[in-house]
Amino acid sequence: MKLKLSSRPERPCCPWSRCCGMGDFRPRTVWLGHPEKREQRYPRNVINNQKYNFFTFLPAVLFHQFKYFYNLYFLLLACSQFINELRLGALYTYWVPLGLVLAITIIREAVEEIRCYLRDKEMNSQIYSKLSTRGTVKVKSSGIQVGDLIIVEKNQRVPADMIFLRTSERNGSCFLRTDQLDGETDWKLRLPVACTQRLPTAADLLQIRSYVYAEEPNIDIHNFIGTFTREDGDPPVNESLSIENTLWASTVVASGTVVGVVIYTGKELRSVMNTSNPRHKVGLFDLEVNCLTKILFGALVVVSLVMVALQHFAGRWYLQIVRFLLLFSNIVPISLRVNLDMGKMVFSWMIKKDSKIPGTMVRASTIPEQLGRISYLLTDKTGTLTLNEMVFRRLHLGTVAYGMDSMDEVQSHVFSAYTQPSHDLPASRAPAATKVRKTISSRVHEAVKAIALVHNVTPVYEANGVTDQAEAEQHYEDTCRVYQASSPDEVSLVQWTESVGLTLVGRDQSSMQLRTPTGQILNFTILQIFPFTYESKRMGIIVRDESTGEITFYMKGADVVMAAIVQYNDWLEEECGNMAREGLRVLVVSKKSLTEEQYQDFEARYVQAKLSVHDRSLKVATVIESLEMEMELLCLTGVEDQLQTDVRPTLEILRNAGIKVWMLTGDKLETATCTAKNAHLITRNQDIHIFRPVTTRGEAHLELNAFRRKHDCALVISGDSLEVCLKYYEYEFMELACQCPAVVCCRCTPTQKAQIVRLLQERTGKLTCAVGDGGNDVSMIQEADCGVGVEGKEGKQASLAADFSVTQFKHLGRLLMVHGRNSYKRSAALSQFVIHRSLCISTMQAVFSSVFYFASVPLYQGFLIIGYSTIYTMFPVFSLVLDKDVKSEVAMLYPELYKDLLKGRPLSFKTFLIWVLISIYQGSIIMYGALLLFESEFVHIVAISFTSLILTELLMVALTIQTWHWLMIVGELLSLACYVASLVFLHEFIDVYFITTVSFLWKVTVITLVSCLPLYILKYLRRRFSPPSYSKLTT
């Protein structure tokens, strides 16, 4: 499954990479064990997930800060104070707040970069063994070069893309775990180059003159084209290389020790090419606040122009405009950025400290409020929704079914089949009941025997401290045996037959050994194997029982194909449907006895078909199909990939919250559909439209039309078909898919997952959240507005690349419903209140200047201005980050509350306008009140108005709060105490004797009441006659 992104492979590793010879990707000839013979320079084999390096850190962080209009405005403002004609007060009044903002940002970014650097360093420092002329030497992962011969042990990560040369396994092959690369849990069988596997020892690899020709590096993880050449052979040896001979980086060796030659490193690795560079994520909320500050800046310019216009543009009016811009600069509050950034830190800390979601980490502390507005959740399947553990659940024989609670009956039937052979008891003497029981018993035995034989599982014996490997293999030691297969389904079936008494104890290319409950070993010769393919959806095996000479053809496969192969029956379709509805993966098992003549005839035709040059696969399939007729149906098996705990209720919560869930998986279509039903991602009464495989524009057009006619049905589509649809009908497909209640994309490549996320963002404009647990999910996680990594069996790659990491999928419910909702609502309240605080003082300045003949003179100077937005009001205003409208239990119980936030109502132009009007009203009342009530001294205006302003702000915080926290009360009292205490030192601005008089107290009280009381009354009336939805749940 290829998804070519033209921009991705051409990305150079550094600006000067062309001169390093690394600009374009080219095919290469790699000499075994001789990295010095390279014909071009290759990138270093280092993993680098950092956003910056030592030199770019400061310039890049400052650029990201000042590219926003908001911060750039304050920088220009602060710089203007170096010009004497424009200076309004002390330099520190402008530079201290700006320096504080930048310091907080730089420290936060530095901490995240250092963490990222340490994680990368750990990966790059892993030690591997390298074959060299000096023998075996140790080398760090970052020191590996193209052409090196690297030894990889069992359960070790493959450090670079390699060609597989040798294995220690006797059967001459090895298994790879590729879940970090493609998300598939099936183990992949890999074969070494035949020529090098035949060499006596690994050291001989350095003695032969041989090289690998490899295609240019590309993004396709499922295909490879290359050749292996040995020049000193007689005659020279040439072997073609394909995907079967590769060991891609990020996969894990599951069996034996392997030796490979490195062909790609660093940025040319398949896994790196499928991972997009982490983008600098900026929250939608930050963009909205940025938009509001632009509006405020527009208002600032308008007010300044009006002031100069009312002076009739007298004198050096252009300088007056700049002075007014500086005078009213509070309209755009600098403390907004500081408050929001500190708020984000508090929200991140709350998420980490939540005991209900232990182990949750916040790796991107800049976007916690994004979690409160997610419209689309894109999730991986294996290891994210499921535990990746297959469990055998059901054996169905048509007339009788055995579940987990009745497996002992199956065991007794199998036991009796080997201890009391049915032919020992003549049927004529057996009572009728016994005859029926024998029939059931023999049917169960046949079914279990078939399941134990029709598979591709190999038992492997390992030393366990007591028994060594050779001895364990010789005696078929149960404690030392592990099963290896390319599919966990097959392993679960073989483990089940072991649990009921029939054990697979040995297997090689041509034979298989089963052990009966009595300890007897049954030997079978493997005559032919027809492996499972995605086209045939079935696998078959022909075996000869050595004890009787009987030849039997066994087959298992999906019900859709097996229904036409087995003899007519009236229960197969119905029971398959019933088991699928329970979320079980159903396989149909059948058999057919062959005579020696029938088999010889088949074999002759089969060999002939395999030798043909034209239409080989078609001829082979035709020969096999001649056997696949009128087969005896033995049983159905039901296997379940166990879901993680509470996946169903979590998905239900997300659905009720208005979030659409899409499942993107690398797994098979049947498996993905099964899991989607099992997890109730697709509800029981929902129709499913399985998108037929399409390869051309015409087919895609017809299939889209068929899909358009269906309403309210879930969509299941494969990666190949998806690629065709997106190529020709991107807009139409996305429009239809977005209307579906659920979408399942199977056989997806990592790049496709990221592409789907990007298309959803572009087409809908809504926020997306991607959840995954494997290396193949990293691109999707980094592309989404919010990336959540699940720490699972597939390692930590996804959780390290994510913005948030959780230990279980169920924690996602609380992360979004409680923390996401609270973070967004609190950020909205905090930002609007900070704007209100600044607009109040700006309104007062405007009124003051108007009354005093439009003079550009500041009302409050020096410390009063800095103190107003810091020690006098900072604690109460910032305590809004602790506010909550409902308890977390209520938010989880009523996910519909989350749906309200998707419309963005907590921070909108409407709420912004309301706060602007409140600010203008309160600022005007306070200033006009002070001007009316002051008697003689100008200092009295400052004292009355400033004290009223501080009290008004404290009362407005109390009015905004919905749930009181003890820290809020402390903040209010502390601020008031700080103001009262500081009056002693502010005699330069405030008349200390005047503030102790009764006259001062009653004037301040009246002004404060007039500014706040109407708003308290309005709030009461609104709560009484038009309460918000959440208040109905709290009363």
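Count begins at 1; order follows the chain as displayed.
Using N, Cα and C of the backbone, Cβ positions are placed for all residues, glycine too.
Residues or ranges marked as domain 'P-type ATPase N-terminal' by TrEMBL: 34-94. In the predicted model, the domain 'P-type ATPase N-terminal' (34-94) shows an average pLDDT of 82.
TrEMBL lists 131-268 with the feature domain 'P-type ATPase A'.
Its Cβ placed at the centre, Phe532 (ATP binding site) has 21 other Cβ atoms within 10 Å. The ATP binding site annotation in TrEMBL covers Asp380, Lys381, Thr382, Glu490, Phe532, Lys556, Arg585, Thr665, Gly666, Asp667, Arg747, Lys753, Asn776, Asp777.
Residues or ranges marked as Mg(2+) binding site in TrEMBL: Asp380, Thr382, Asp773, Asp777. For Asp773 (Mg(2+) binding site), other Cβ atoms within 10 Å of its Cβ number 34.
According to TrEMBL, the active site, 4-aspartylphosphate intermediate annotation covers Asp380. Around the Cβ of Asp380 (ATP binding site), a 10 Å sphere holds 30 further Cβ atoms from the protein chains shown.
According to TrEMBL, the feature domain 'P-type ATPase C-terminal' maps to 800-1027.
For the pair Gly666 (ATP binding site) and Asp777 (Mg(2+) binding site), the C-alpha distance works out to 10 angstrom.
Considering other CB atoms within 10 Å as the measure, the emptiest surroundings among the binding-site residues Thr382, Asn776 are those of Thr382. Secondary structure of the domain 'P-type ATPase A' (131-268), assigned with DSSP and counted as helix (H, G, I), strand (E, B) and coil, comes to 22 helix, 54 strand, 62 coil. Cα spacing between Asp380 (ATP binding site) and Asp777 (Mg(2+) binding site): 7 Å, rounded to the nearest whole number. Phe532 (ATP binding site) sits 27 Å from Asp773 (Mg(2+) binding site), taking the C-alpha atoms as the reference points.
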